[in-house]
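These come from TrEMBL:
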DOMAIN    3-354  domain 'Cation/H+ exchanger transmembrane'
REGION    490-510  region 'Disordered'
TRANSMEM  20-40  transmembrane segment
TRANSMEM  92-112  transmembrane segment
TRANSMEM  124-149  transmembrane segment
TRANSMEM  169-195  transmembrane segment
TRANSMEM  215-235  transmembrane segment
TRANSMEM  255-278  transmembrane segment
TRANSMEM  290-310  transmembrane segment
TRANSMEM  330-357  transmembrane segment
Amino acid sequence: DAFGMNVHLFESSLLQSLIFAFPMVLAGTVLVALVGFYVFPYGWSFSLAMTFGSILAATDPVAVSALLNEVGAPPRLKIHISGESMLNDGSAVVFFSIFSALFLSELGINGLGEQIDVGEGFALFFRMSLGGALIGVAGALVLLIFLYFLNRRLIREENVLQVAATVTVAYLTFYVAEIVCGTSGIISTLCLGWIAKYGETMINDKELMESFWSLVEHLLNTLLFTLGGAAWGTIIANSENNQRRGHFSAVDWGYLILLFVFVNAIRFFLFFSFYPITSRIGLKTNIRETVFISYAGLRGAVGISLAIALDNEVWRVTEVEEFRQYTSKLYGMVGGITFLTLCVNGSSSGPILKALGLTRAPEVRKKVLKMYEHSMRKRLLDDFVYMLTLERFKYVDFAILRHHVAILQDLTLADLNLAVQENKEITPPSLYKQPYLENVLPYFEKNEEGKQEPDDGQGVQYISADVEPAINISTVAPHSIIHCKKEVIDDSNGKSSKTPDQGKSKNAHHHHSANCRFIALRKVFVELLRAAYSRQVDRGELDGRLGFVEYQLLQSLDIIEPRIEKGKPLNDWKVSQIVSHDVTNYVNSTYKNVALHLTRCFCRRDLAKVRPSLEFEILTEKVITILSFAEAHRLAQEKFKDQFCDNYASEFLVQEEIVMKESEAEVKIALDELREYDQEDVRIIVSHYFCRILLNKNARTIEKFKHSGLLSELEASEYINQVENSLVLLLECPMRVHPGEKTFESKRHWHASRNFENPVVNNNEIVKQ
């Protein structure tokens with residue numbers, strides 16, 4: 001938290017945070033101790049009651065902080081809550097150390113605890129807090145030196161070492177302060193993060209650093225709450241097998257509820273008692289923010305750990321049942337307060353925040369979100385038009401797209417025309433391709449009144465005789481495939497069909513250097529394929545919903561790499577089919593049968609009843625595997641040509657041509673297999689695949705808006721949920737004919753009525769009509 005805070009705001013509010021953390025923590029400790037000493041019937045000593053009060057003085061607003069980030073609360077409110085939490089954790093631990101030492105001394109065990117008077121207590125307090133701060137500053141200087149010298153940003157190892165340095169210095173600083181010097185480890189760690197924040201610009205990979213510490217925070221919080229909850233459960237369970245049974249009765253639960261009321265009332269009393277001061281210094285504050293800060297005093301990790309530590313220490317050093325019951329009862333109360341503040345205060349903080357008007361102005365924010373929605377829609381339309389320029393999506397049906405992608409449901413001719421024109425303007429003339437709109441424009445038919453013709457809602461089944469091939473091999477495959485010989489690589493017996501240059505391989509003295517060149521170039525091509533698959537993942541074309549498509553394709557590359565080292569040619573398609581046969585089909589069948597039963601048991605019953613058949617899902621994976629395979633080879637061939645084939649000084653001209661031929665032959669084999677499938681099924685699968693890519697692109701746009709600060713966490717999550725629901729419905733779509741879908745004949749008649757032999761050539765004219 002300290003390393004990720006806003007330094008300027010923290011320094012501006014430092015006086016207020018110090019008031020929250022020291023005078024108020026001490027006052028809160030005393031008031032809660034009075035409740036434990038006078039209200040509770042447990043016979044606690046005053047030192048134990050003060051220990052109890054110091055434990056409950058530590059707050060942990062992790063849930064509230066996440067909420068504040070989600071709803072876009074004022075920065076001043078966020079820094080007050082996080083600053084109070086960081087500092088009062090340190091002061092609470094200092095008070096706990098003092099009063100727990102007093103209580104342990106009451107056990108009468110030599111060497112355990114310490115008798116501390118008032119003067120010694122203040123001296124110990126300042127020694128632990130100020131000493132811890134100085135050690136933290138020293139640790140921060142050491143960390144800054146490490147960050148300064150690990151400055152080679154482009155070297156991945158040094159970026160990792162920077163992260164390792166932050167972990168090492170943080171734990172070492174805590175150890176030196178807490179164990180070696182007997183000061184406050186928490187305060188030292190806080191000061192370390194605060195000072196080290198000034199070196200943020202020296203961090204090479206901020207995303208790596210933030211991701212690592214977010215993961216560490218999540219794992220450690222989860223572990224602590226899990227263990228603490230389990231230990232608390234043993235106290236309140238009253239099991240016959242529980243060594244600590246009988247500690248929590250119905251009366252104890254009543255006192256727990258009463259304590260919860262007291263704890264909240266005391267917090268409100270303290271904040272409003274200091275309000276005349278805190279509202280005039282530092283960043284200042286107001287009534288609404290003070291009400292929310294008072295309400296948001298959740299208890300968490302620090303309190304649980306202190307209570308566990310005290311209880312374990314007492315159970316370890318003494319067998320006196322009275323003292324054991326004291327600390328077990330104390331831990332039961334601390335765990336109960338943590339549970340109640342998380343469940344009650346934490347879950348209701350959102351409505352309280354909105355009721356106090358501390359979220360962004362609703363009406364103004366709605367207008368801003370409308371602007372963002374318009375921008376997201378425009379980006380999606382740009383992606384839509386660009387994808388229509390890709391030949392593998394030539395035959396996607398707009399009725400399917402409109403049914404599954406909400407943004408396309410109100411698409412107009414004017415919007416489409418604008419998107420087509422913008423795509424042409426931003427694309428270099430040498431790279432521009434006109435989008436294929438044959439299966440889009442018929443859905444914008446207008447009647448005589450100028451209104452869009454309504455869908456009949458019925459849709460007519462395509463007659464197989466009227467259906468064009470859903471994938472045109474000559475358009476998806478690289479152009480040279482159509483003109484080159486089919487040279488299928490057969491590696492089943494360790495042999496390959498001859499390429500133009502391989503006829504000379506029988507010569508016993510045929511150039512060892514040529515074989516080395518083949519190996520080097522094929523290895524380069526494999527890496528280009530790997531990068532192409534990664535690019536498809538980034539573009540949303542491959543994801544986990546596609547089963548094991550990505551695994552199958554990447555595994556094929558892993559398998560052919562050692563074969564390439566032995567001089568074997570590229571044959572990744574055949575290998576991918578072996579992977580699919582040996583592993584993927586079995587895993588898919590098992591996984592999807594289990595998923596089907598889980599869907600029927602736990603998910604929407606209407607979706608479970610109409611889920612596509614397992615055979616169709618397997619066919620879907622096969623089709624998408626072929627499309628992804630062909631696209632990866634296309635991308636790899638482009639990179640390969642740019643790097644080698646256009647270099648006339650290259651020493652690899654013959655080998656380059658052969659590697660390209662091998663790649664083209666592999667793609668042709670895959671596309672020939674695609675041709676064998678029912679083309680109506682392929683058309684439906686490709687159209688759904690198109691929808692999936694569009695929705696994934698939309699989700700990535702939302703994430704970019706969130707990372708850039710345009711959308712809050714909550715707003716982005718709402719948009720992402722909408723996209724996620726669309727993806728789920730798309731995955732479960734059982735329809736072969738979608739509402740308003742037109743027949744092939746009706747589309748052909750639409751184009752013929754406008755006298756366009758090739759509608760693609762006349763896109764702009766069609767759109768203008």
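Yeah, the Cβs are placed from backbone N, Cα and C, and that goes for glycine too.
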Q. Taking 3+ C-beta pairs under 8 angstroms (sequence gap of 6 or more) as contact, is the transmembrane segment (169-195) in contact with the transmembrane segment (20-40)?
A. no
- Message: Counting a contact as 3 or more Cβ pairs under 8 Å, with residues at least 6 apart in sequence, do the transmembrane segment (290-310) and the transmembrane segment (20-40) touch?
- Response: no
Return yes if the transmembrane segment (330-357) and the transmembrane segment (215-235) have at least 3 CB pairs under 8 Å (sequence gap of 6 or more), otherwise no. yes
If one takes Cβ-Cβ under 8 Å and requires six or more residues beyond its ends, the residues near the transmembrane segment (215-235) are 62, 167, 242, 244, 247-248, 300-301, 304-305, 308, 311, 328, 331-332, 335-336, 338-339
Sequence-distant contacts of the transmembrane segment (255-278), meaning Cβ under 8 Å and at least 6 residues beyond its ends, amount to 16, 19-20, 23-24, 27-28, 31-32, 35, 39-41, 56, 284-285, 287, 290, 293-295, 297, 332-333, 336-337, 340-341, 344-345
